[in-house]
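*Asks:* Positions annotated as active site by TrEMBL: HIS308, ASP366.
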Amino acid sequence: MTKLRSVTLNEKAQSLCELPILSGATGPDVVDIQTLYQQTGMFTYDPGFTSTASCSSAITYIDGEKGILLYRGYPIEQLAEHCTFLEVCYLLLNGELPDTDEIQKFEDTITLHTMVHDQLTNFFKGFRRDAHPMAIMVGVVGALSSFYHDALDIKSKKDRDLSAIRLIAKVPTIVAMCHKYSTGLPFMYPQNKLNYVENFMRMMLGTPCDEFSPNPVLVRALDRILILHADHEQNASTSTVRLAGSSGANPYACITAGIACLWGAAHGGANEAVLNMLEEIGDVSNITTFINKAKDKRDPFRLMGFGHRVYKNYDPRAKLMRDTCHEVLTELGLHDDKIFKLALELERIALEDQYFVEKKLYPNVDYYSGIVLHALGIPSNMFTAMFAMGRTVGWIAHWDEMIADPEQRIGRPRQLYTGAAKRDIPPQHIKRA
Ligand code: SDX
């Protein structure tokens, strides 16, 4: 980053302090406020970090006004069309797309780490069969660190790389196990002859009783869905992973913190909430009622899958997800799917409504993902776990970048205190010895 100029903070025409302005490779410049408190005795105040850059990063760039998303400089549209999810994983982790030898080695390494320690299956038995899969994911992924004491030195790049491989390889196996556990069906072991997505689909949807023949159109669709979910700058769950990592916590604990944060309906839980919302709307004749509820300030209802903190234009992933949705429904002979047609009509009406236009509320990545996951045979309570499966690589890439960043320190925000002034305990609460 380069220091171009500075900004002076004045109060009553008195110069309070001068702060440098930094520029990155692209996007908004930043005011470096690291010395603000030292110079002025004041903090900045920015609930939700709407105007705050928490770090510098070279991984992903979003232009919310133009609806642009780049992974290591490559547009998401090109990656979704020309690359596989594992090629995108390699790109996010290493900064460049792999050549033929590099991707073959990376795929082989991932394949050889897809199995989990057999004792990990014992953790599932502690959960009720109807436990939400994200509750199980938090428990089981968090427990992974207890199996890998051999590579938890976060200062060792070799250990960090091995943890990255283990997490990218094992999270799909654990996600599939969550589903199998909820259905009472036996866990399926990975098969090394299958590619990453085929393997996951067989573990998720296959049984030991039948040969599983993955449909290549559906495999490619799911591969693309994982690409669309792989990373997204400093979103809530990635910021959680970075904050957890800044204390020196091990990578499995940090990724578990990210999984916990992603679960929220305002974040990764939205895909499940979108499908529930569409099923509640039920018919196009009810769309206006729900649009009015979403606009009513007294009503907590929001149009799930719409709006975004950064995108004030169409989320480029939503377009790609809609196309993938159409492709999968056509392949499955479901192009008349009632829910998909309802979603298209709801999108059309909302995008013409003044409220959504003025507030720049467009469909986001979660709006169509639930419909296509449902069509792929994945139950709605698994949707956020699928999001976590795609985002694991982004969380790890940011965790690794943060550990290697010479500027990184333990994250410790300050606050604007609005509580009671210093006071003594009243006599009636003081216990006589
Ligand atoms: C993800 O950050 C990321 O990058 C996240 C993500 C990723 O890849 O990691 O992209 C994944 O989380 C996508 C978002 C999924 N969530 C949803 O679809 C839930 C529905 N959306 C909203 O809850 C909301 O839009 C958020 C949480 C996504 C964004 O919230 P912000 O940025 O805090 O915006 P806001 O709540 O301040 O809303 C601004 C205005 C408000 O009205 P006013 O107070 O200005 O009058 O827009 C309104 C909101 O009431 N609004 C909505 C709305 N979203 C915002 N009104 C109706 N329906 C909505 N969906």
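From the backbone N, Cα and C atoms, a Cβ is placed for every residue, glycine too.
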*Asks:* In the three-state scheme derived from DSSP, which category covers HIS308 (active site)?
*Replies:* coil
*Asks:* Of HIS308, ASP366, which of the active-site residues has the most Cβ neighbours inside 10 Å?
*Replies:* ASP366
*Asks:* Can you tell me whether DSSP puts ASP366 (active site) in helix, strand or coil?
*Replies:* helix
*Asks:* Just to verify a number: CA distance, HIS308 (active site) to ASP366 (active site), in angstrom, no decimals.
*Replies:* 11
